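*Asks:* Okay, these came from TrEMBL:
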type: ACT_SITE; residues: D63; note: active site, proton acceptor
type: BINDING; residues: T6, G7, N8, K9, H10, K11, A64, F139, A140, Y141, D142, K162, H167, R168; note: substrate binding site
type: BINDING; residues: E35, D63; note: Mg(2+) binding site
Amino acid sequence: MITFITGNKHKVIEAENIFKLFGVELEHINLGYMEPQGTLEDVAKFGAKYACQELNKSVIVEDAGLFIRALNGFPGTYSSYVQDSLGNQNILKLMDGVDDRYAEFRSVIGYCAPNSEPKVFLGRIKGQIAFEERGSFGFAYDPLFLVEEEDKTFGELTTKDKNQFSHRRNSLEKFINWYTNQRDE
Ligand code: ITT
Ligand code: NA
């Protein structure tokens with residue numbers, strides 16, 4: 001059993017579905033932790049260690065973000081704040097007339113077990129910033145994020161479809177593979 005610490009209910013739904021694919025049990029706790037300034041990895045390590053010490057059990061946390069190349073990686077580690085303050089329409093304005101639409105979502109899972117150092121697992125997915133919001137599935141930047149192979153935004157994909165290849169699927173799959181192997185050793 002793994003405990004996922006997050007305050008984001010959309011992450012919980014996606015993670016529950018991904019864990020089910022691998023037959024690993026997941027519980028969810030909304031603990032809340034301070035996020036230091038730094039990379040996704042710094043935040044994930046800090047959060048995992050903090051929550052593990054608070055609860056005295058093995059936990060995962062996730063720090064994620066959308067990195068837009070033409071905006072030098074913005075909103076990146078500020079994604080949560082920028083989503084709440086600017087929102088998708090203002091991101092589209094920043095991208096007005098910009099030809100380079102390349103963007104990627106990154107997800108870093110931080111794992112920590114009692115009395116050990118945290119480990120991190122990075123997942124990514126490449127895409128494009130759409131010219132308008134499309135679809136109403138998912139959350140936050142999903143309607144903006146175009147997956148070229150599908151010709152659909154994350155907002156047009158069901159959770160099940162998004163979970164086939166999302167940044168969160170990739171980071172969680174890396175974690176689950178590592179976790180189930182080290183348990184068997
Ligand atoms: P927790 O820290 O409590 O887990 P959070 O929403 O604050 O929840 P992050 O700190 O990782 O999560 O912030 C990442 C932000 O990036 C998130 O709030 C969204 O705005 C955005 N984001 C991350 N993954 C996303 C996804 O799959 N689809 C759309 N937006 C996403
Ligand atoms: Na957060």
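Heads up, the Cβ atoms here are built off N, Cα and C, so glycines get one too.
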*Asks:* According to DSSP, folded down to helix, strand and coil, what is A64 (substrate binding site)?
*Replies:* strand
*Asks:* Determine the Cβ neighbour count for D142 (substrate binding site): the number of other Cβ atoms within 10 Å of its Cβ.
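*Replies:* By my count, 23.
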*Asks:* Just jot down the residues in the same chain as H167 (substrate binding site), at least 6 apart in sequence, with C-beta under 8 A of its C-beta; none if empty.
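*Replies:* In sequence order, the residues whose Cβ lies under 8 Å from that of H167 (substrate binding site) (at least 6 apart) are A64, E104, F105, R106, S107, G123, R124, I125.
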*Asks:* Would you kindly give the Cα-Cα distance separating D63 (active site, proton acceptor) and H10 (substrate binding site), rounded to the nearest Å?
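*Replies:* Per the Cα atoms, H10 (substrate binding site) and D63 (active site, proton acceptor) stand 14 Å apart.
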*Asks:* If you count other Cβ atoms within 10 Å of each one's Cβ, which of the binding-site residues A64, A140 has the most?
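*Replies:* Answer returned by the neighbour count: A64.
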*Asks:* Running a distance check here. Ligand 1 versus the recorded positions N8, H10, D63, A64, A140, D142: which have CB less than 6 Å from one of its atoms?
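*Replies:* Only N8, D63, A64, A140, D142 qualify.
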*Asks:* Can you tell which of T6, N8 has the most other C-beta atoms within 10 Å, given these are the binding-site residues?
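*Replies:* Of the binding-site residues T6, N8, the highest Cβ count within 10 Å belongs to T6.
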*Asks:* Can you tell me the CA-to-CA distance separating E35 (Mg(2+) binding site) and D63 (active site, proton acceptor), as a whole number of Å?
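*Replies:* E35 (Mg(2+) binding site) and D63 (active site, proton acceptor) have their Cα atoms 9 Å apart.
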*Asks:* To the nearest whole angstrom, state the Cα distance for the pair N8 (substrate binding site) and D63 (active site, proton acceptor).
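*Replies:* Here the two Cα atoms are 11 Å apart.
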*Asks:* Using a 10 Å cut-off on CB atoms, tell me which of the recorded positions E35, D63 is the least crowded.
*Replies:* E35
*Asks:* Taking 10 A as the limit, how many CB atoms besides its own sit near the CB of H10 (substrate binding site)?
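*Replies:* Here the count is 14.
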*Asks:* Do you know offhand how many angstrom separate T6 (substrate binding site) and the residue listed as 'active site, proton acceptor' by C-alpha?
*Replies:* 9
*Asks:* Taking only the Cα atoms, work out how far A140 (substrate binding site) lies from D63 (active site, proton acceptor), in Å, as a whole number.
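*Replies:* Between the alpha carbons of A140 (substrate binding site) and D63 (active site, proton acceptor) there are 14 Å.
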*Asks:* How far apart, in angstrom, are the most distant Cα atoms among the substrate-binding residues T6, G7, N8, K9, H10, K11, A64, F139, A140, Y141, D142, K162, H167, R168?
*Replies:* 20
